[in-house]
Amino acid sequence: MDTVIGIIGGSGLYDIPGLEDATWQTVETPWGAPSDQILTGRLGGVTLAFLPRHGRGHVHSPTTVPYRANIDALKRLGVTDVVSVSACGSFREELAPGDFVIVDQFIDRTFAREKSFFGTGCVAHVSVAHPTCTRLGDAAFAAAKAAGVTVHRGGTYLAMEGPQFSSVAESRLYKSWGCDVIGMTNMPEAKLAREAELCYASVAMITDYDSWHPDHDTVDISTIIATLTGNSDAARRLVADLPDRLGAERHTCPHGCDHALDHAIMTAPDKRDPAVTARLDAVAGRVM
Ligand SMILES: CSC[C@H]1O[C@H](OP(=O)(O)O)[C@H](O)[C@@H]1O
Ligand SMILES: Nc1ncnc2[nH]cnc12
């Protein structure tokens, strides 16, 4: 089996220059249209698919990003490994603006999004105890180092609904919970990637200290954009280094990400709704 790398580009990352045979492809899914066309091509001998999470021109808010369509579309294109790149606030002094963090845990505080491919007609429960893939996170960590950025391995990402930033009281609360970074988009994306049996890693690009820090201004969009402008080249260097780390030949994930559905579906085969199972062709076809 071949490795196919999927990159979900967040705020500030809307394209990947330098792909061989680059084509923007329209992909249709049973969950509607993805955020945008998907840029496919070859990089370092590996196939890569790039999806701008908010769409080119930043048209989708964190709440309206079509997360299910995005993950389904990547799966449909044969993607095996998804790396998310996201702008994030920091809850720790030592995670400074400009640094990258390879996130490994999440606290999901979003509440206005569809969070599963499954439901009435075909119920499934996957584990997200370890919501990111260690092998893929290690590759992203090494690629970030090679890209010359200050990068930290491991961190808990608080996913908030947005689109407004947190109040000072909320920011202090999340910090007191032990969260490391905050953003608005990695949930339910990471949960859906697990349901689709895709390895998922998240690269947080720190843009600000949110609103808890006594010596820094509370977060606003102009600070974020200023930091992102400096960060986007480093993010592209990181992406360019990934094919070498992952290799063209894909082996079974040692952490089981690609077998997450093995024992997850609860609904008896004769009780499954055919219309619901038809929608799951790409995501769960392996076990249906
Ligand atoms: C542009 S600031 C807020 C916005 O940026 C982050 O998006 P992404 O994770 O796609 O980089 C954050 O989660 C908010 O959606
Ligand atoms: N402080 C913050 N809160 C939520 N999302 C963010 N994205 C970048 N900085 C953020």
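Placement of Cβ uses the backbone N, Cα and C atoms for every residue, glycine included.
Automated prediction, rather than curation, is the source of TrEMBL annotations.
TrEMBL has this to say about the protein:
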- Ser11, Arg53, His54, Ser86, Ala87, Thr185: phosphate binding site (BINDING)
- Met184, Asp208, Tyr209, Asp210: substrate binding site (BINDING)
- 5-240: domain 'Nucleoside phosphorylase' (DOMAIN)
- Ser166: site 'Important for substrate specificity' (SITE)
- Ile221: site 'Important for substrate specificity' (SITE)
Max Cα distance spanning Met184, Asp208, Tyr209, Asp210 (substrate binders), Å? 15
Just checking the recorded positions Ser166, Asp208, Tyr209, Asp210, Ile221: which sit within 10 A of Ser86 (phosphate binding site), CA to CA? none
Of Arg53, Asp208, Tyr209, the binding-site residues with C-beta less than 6 Å from an atom of ligand 2, in sequence order, are Asp208
Taking 8 Å from the centroid of the Cβ atoms of Ser11, Arg53, His54, Ser86, Ala87, Thr185 as the cut-off, which other residues in that chain fall inside it around the phosphate site? Gly9, Gly10, Gly12, Leu13, Pro62, Val85, Gly183, Met184
Can you tell me which of these recorded positions sit near ligand 1, meaning the Cβ is under 6 Å from at least one of its atoms: Ser166, Thr185, Asp208, Tyr209? Thr185
Under a three-state reading of DSSP, tell me whether Asp208 (substrate binding site) is helix, strand or coil. strand
Averaged over the whole of the domain 'Nucleoside phosphorylase' (5-240), what is the pLDDT? 97
Fewest other CB within 10 angstroms, which one of the recorded positions Ser11, Ser166, Thr185? Ser166
To the nearest whole angstrom, what is the C-alpha distance linking Asp210 (substrate binding site) and Arg53 (phosphate binding site)? 22
With the fewest other Cβ atoms within 10 Å, the residue among the binding-site residues Arg53, His54 is His54
What is the interatomic distance between the Cα atoms of His54 (phosphate binding site) and Met184 (substrate binding site), given in whole Å? 12
Sparsest Cβ environment (other Cβ within 10 Å) among recorded positions Ala87, Met184, Ile221 belongs to Ile221
Select the closest residue to Ser11 (phosphate binding site) from the following recorded positions, measuring between CA atoms: Ser166, Tyr209, Ile221. Ile221
How big is the Cα-to-Cα gap, in Å, between Tyr209 (substrate binding site) and Ile221 (site 'Important for substrate specificity')? 12
